[in-house]
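Feature list (source: TrEMBL):
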type: BINDING; residues: L299, R300, A301, R302, L303, K304, T305, N399, K400, C401, D402; note: GTP binding site
type: BINDING; residues: T305; note: Mg(2+) binding site
type: COMPBIAS; residues: 27-59; note: compositional bias 'Basic and acidic residues'
type: REGION; residues: 1-59; note: region 'Disordered'
Amino acid sequence: MPSRVYESSDDWDPLSNAISPPPDESVQEKEIRIKQELEAKQKSDAIDEDLNRQRAAEKKGPKPVRVLLLASGEGKSTFLKFFKLMHDPKAFSTERASWRAVIQLNVVRSIHIILDAMTHPAQPRHDTRAMSKDISSTSSSPFSGEIPLPEDTSDIEPGLFQIRSRLSSLLQVEDLLTRQLTPKDYSEVGTTQLAPIHPTKHVPTELAINSSVPWKQKFDRLVGKGDTERIIIDWDDPNDPGKIIHACGEDMIRLWKHPLVQQMLEKQNLRLEEMAGFFLDSLPEITAERYLPTDEHILRARLKTLGVSEHCVKVSAGSDIGSDWRIFDVGGHRSLVTAWAPFFENNLNAIIFLAPISAFDQVLAEAPKVNRLEDSVSLWTSIVANKILQHTDLILFLNKCDLMAAKLVSGIKLKDYVVSYGNRPNDFESTTNYLRKKFAGILKENSPLPRTFYCHYTSVTDTLSTQKVIASLKDMLMRDSLKHSTLLL
Ligand SMILES: Nc1nc2c(ncn2[C@@H]2O[C@H](COP(=O)(O)OP(=O)(O)OP(=O)(O)O)[C@@H](O)[C@H]2O)c(=O)[nH]1
Ligand SMILES: [Mg+2]
């Protein structure tokens, strides 16, 4: 039997019903409602005006270069940050206070992973095959309450216990930072959320922010700009999480450097160095009393993005054509990435596709049975085969080369995860060459129209090499943009 029956009536309009004021609305409630409606309308009109102005300017001026960033793994926002740093360093600099909070949160999270590993010392994790078997239970965040006592304490010496208990004050810091990173005027749902990053038990969740939310504004009050664009932070703010982080600094360093902790992490296959937002080797700087992040720290800071965001960057190039760049960052769940791509149709000059090659022995956080390299390959296949995008240039970044090199040197073998690699040498040149050929082959076989294969080996956290890649990219895209606009004349 249905729980609710709607009467069929020609007068019944569900939309008007939903937006009409409640029948028992008081005078005061009515006033508030009208004020809120007015504010909402003003906001919406302002957005419309902005969009119209932008469209009019686009019609008059040269066409902007439009680039979409896609990846099944990580690197999009990092590349975008780097691009902004190169072309608009002033704007980048004013965001320093916001990134300081993100880096602090990244540090606290890594420390909690260690504390949690001490709590459950017997469990090996982070191996692709082992992980695919150990996926049934999801993590309850150890940040949300007290750190539980270890299941087996035989391996842990008393000094470590004391450090561990002193570091429990970091629990408040995580909470404080999460609240700081959530803008006040936005509801928590859909803007800032803790998303699981690791499929195994006991690994804390990761902060994700919806790209449409101006989360950095929250920190504007912390930033003052002097004549020299110097960033000033209110160091006396009693709520500054930096205070607790500074007080815990030495303990955090001792914990991270402790040989027993290193042994334990190795035993559990927990490679923190490979996780997004790894800063434990920079603890002395980050826990310093008046810590302000360097450019390099900001590039490495990890904040998961949700949704699509558009970024306008002015690129000086000696020519008007193509000096205005629109870069689209598509964050979020991998299934959404393919869903978004067709919306860009023929509107794009290029798609930069980032494939994190070092992830050949890792699985996806959101689908713990799927190998991350395999996922990149299947996303690449679907993008190259997409008819709607057939006229768009594709530029492949085989990314995280720094981590790939370190992984191969440490003895991890590509052939153990990519069986077709066989007995080829396990060095950087041979493995990356092999992967490059695989991706090129997929393009050749699946692209509806013949396309040039543009490919770069990248480590987007590395300034020097990324600078070179961007320079050649700019050259290529500007020439392309010029060609298109000449054709259109
Ligand atoms: N070592 C190293 N780290 C990298 C590289 N590329 C990205 N990372 C790190 O990976 C983490 C995640 O990168 P992001 O750029 O935030 O990833 P994203 O593609 O925007 O991911 P979503 O927002 O989840 O869609 C950051 O902490 C980066 O520092 C790389 O080439 N080398
Ligand atoms: Mg991102």
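Glycine is treated like the rest: Cβ placed from N, Cα and C.
Location within the structure of each feature annotated in TrEMBL.
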residue	record	DSSP class
L299	GTP binding site	helix
T305	GTP binding site	strand
K400	GTP binding site	coil
Using a Cβ cut-off of under 6 Å to any atom of ligand 2, determine which of the binding-site residues L299, L303, T305, K400 qualify. T305
Greatest CA-CA distance (Å) over the residues L299, R300, A301, R302, L303, K304, T305, N399, K400, C401, D402 that the record ties to GTP? 23
Within the same chain, the residues at least 6 apart in sequence whose Cβ is under 8 angstroms from that of K400 (GTP binding site) are G73, E74, G75, P356, I357, S358, A359, S459
The compositional bias 'Basic and acidic residues' (27-59): DSSP-derived helix, strand, coil residue counts: 33 helix, 0 strand, 0 coil
Counting other Cβ atoms within 10 Å of each Cβ, which of the binding-site residues L299, A301, L303, D402 scores lowest? D402
Counting every protein chain present, what is the number of Cβ atoms, excluding its own, within 10 Å of the Cβ of T305 (GTP binding site)? 18
